[in-house]
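Over in Swiss-Prot, the protein carries these features:
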type	residues	note
DOMAIN	3-168	domain 'EngA-type G 1'
BINDING	9-16, 56-60, 120-123	GTP 1 binding site
DOMAIN	179-354	domain 'EngA-type G 2'
BINDING	185-192, 232-236, 297-300	GTP 2 binding site
DOMAIN	355-438	domain 'KH-like'
Amino acid sequence: MKPLIALVGRPNVGKSTLFNRILRQKSAIVDPTPGVTRDRHINPGEWQGKQFLLMDTGGYAPENDSLSVAMLDQTMRAIADADAIIFMVDARSGLTYLDLDIAKILKQTFSDKKIFFAINKVDNPQLALEAAAMVRSGFTEPYLISARDGGGVADMLDDILETLPCPESEDEELDDDSIKLAVLGRPNVGKSSLVNALLGTDRQIVSDVPGTTRDAIDSVLKRNGKEYILIDTAGLRKRTKIDPGIEYYSSLRTERAIERCQVALVLLDAQLGLESQDMKIIHMAIERKKGVLILVNKWDLVEKDSKTSKKFTDNLMMQLGNIGYIPIIFTSALTKKNCYRAIDTAAQIAINRRQKISTSNLNRFLQEALAMRHPASKSGKELKIKYMTQIEAGHPVFAFFCNDPQLLENNFKRFLEKRLRESFDFEGLPITMRFLRK
């Protein structure tokens, strides 16, 4: 499993800026207002060939300068699973009582974890001198960094990753032969009921109260000679509804469950249909190149006739738009209708996700596709695709070698993707297509 590094500190010390700097992308909203809430809290990163997960615990500020119960819940729970902690303070404002409170709690509550003390915003020599006097927090050898400019960040990362175990394989999904399925969805859509129906036991507390399950819990299911790891999680709530503490922490666990899985089973409530939070979960899985299967649960509660499922499917496909390649199964955890069919479908998606197609078969496909539809000319020039191949990545990635990638039209790219799905069964799988000059 990839080690998890948590960024901890009071609001506005630069956690989101460091988060973006380390990941080399603008994943977090950076705002001078203390306590700005981001949409994404945990992302995969890589440094010098070592892979890890980075978590920003920012986003919630106490109402005063003392470490409130809310701050404890929101931050301390969020780092409970972290392998290392970067405790950040601000060189410009110096150590505050809140910094010292956080330092005290980190040492008392997380003494078994590796804690790295980072003094941020050290942007000039004078601030470096002032920062040297800030070691009274109790952490030795602080790292003087500038998250904005990158100063000192590389050395700190080198030291952190030197102390952490590296994954045995590049992809933690491959640690064993089991198929890892994340059971995802908003609170009270029936995730735990589905897992219990599959396992034949009330392994978890099942209640009508949303969010009964708080942590990601792994269960083993054996079926038709295959072993499945079912990762059941608390549902993702809209940010405005996340209770300080436990629900915030559960959302982070959900995001980490997506990192671990091969296929995401996204449950919808048949009586509510597809909502914005469902789309967020689906897009989160697609961004991480996971397989996706939609389960419309509680189908037994819907009044229906012979056309109900088709109408529901047509409406859902219209809402999904360009990700309409995701299969849909109508289930009932209560009656067990289609529950095992969902598992068998997810297994096929996982197998297809790792399929390796020979270059000769791919180029035969390419010639047939080009015979069906020729690329449109652009500015008097014609796109010429010479050949294609599959890139080994653990999920479908294809490279197309052509005379000029800038001549590619989106319509033609969508045509090739659709033909790939039809020819090689990539249902439920995001496909990455790279067009390279040759």
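Here the Cβ of each residue, glycine as well, is placed from N, Cα and C on the backbone.
Here the features listed in Swiss-Prot are placed on the structure.
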residue	record	DSSP (3 states)
Gly9	GTP 1 binding site	coil
Lys15	GTP 1 binding site	helix
Thr57	GTP 1 binding site	coil
Val122	GTP 1 binding site	coil
Gly185	GTP 2 binding site	strand
Lys191	GTP 2 binding site	helix
Thr233	GTP 2 binding site	coil
Trp299	GTP 2 binding site	helix
Count of other CB atoms lying within 10 Å of the CB belonging to Lys15 (GTP 1 binding site): 27
Residue from Asn12, Lys15, Thr57, Val122 whose C-alpha is spatially nearest that of Lys191 (GTP 2 binding site), among the binding-site residues: Thr57
Helix, strand and coil totals (DSSP H, G, I; E, B; other) for the domain 'KH-like' (355-438): 32 helix, 22 strand, 30 coil
Lowest local Cβ density among Asn12, Thr57, Thr233, which the record lists as binding-site residues, within 10 Å: Asn12
Spatial neighbour of Thr233 (GTP 2 binding site) that is closest, considering only the binding-site residues Gly9, Asn12, Lys15, Thr57, Val122 and their CA atoms: Thr57
By Cα-Cα distance, the member of binding-site residues Gly9, Asn12, Thr57, Val122 nearest Gly185 (GTP 2 binding site): Thr57
Separation of alpha carbons, Asn188 (GTP 2 binding site) and Asn12 (GTP 1 binding site) (Å): 35
Local confidence of the domain 'KH-like' (355-438) - pLDDT mean: 93
Distance [Cα-Cα, Å, rounded] between Asn188 (GTP 2 binding site) and Val122 (GTP 1 binding site): 47
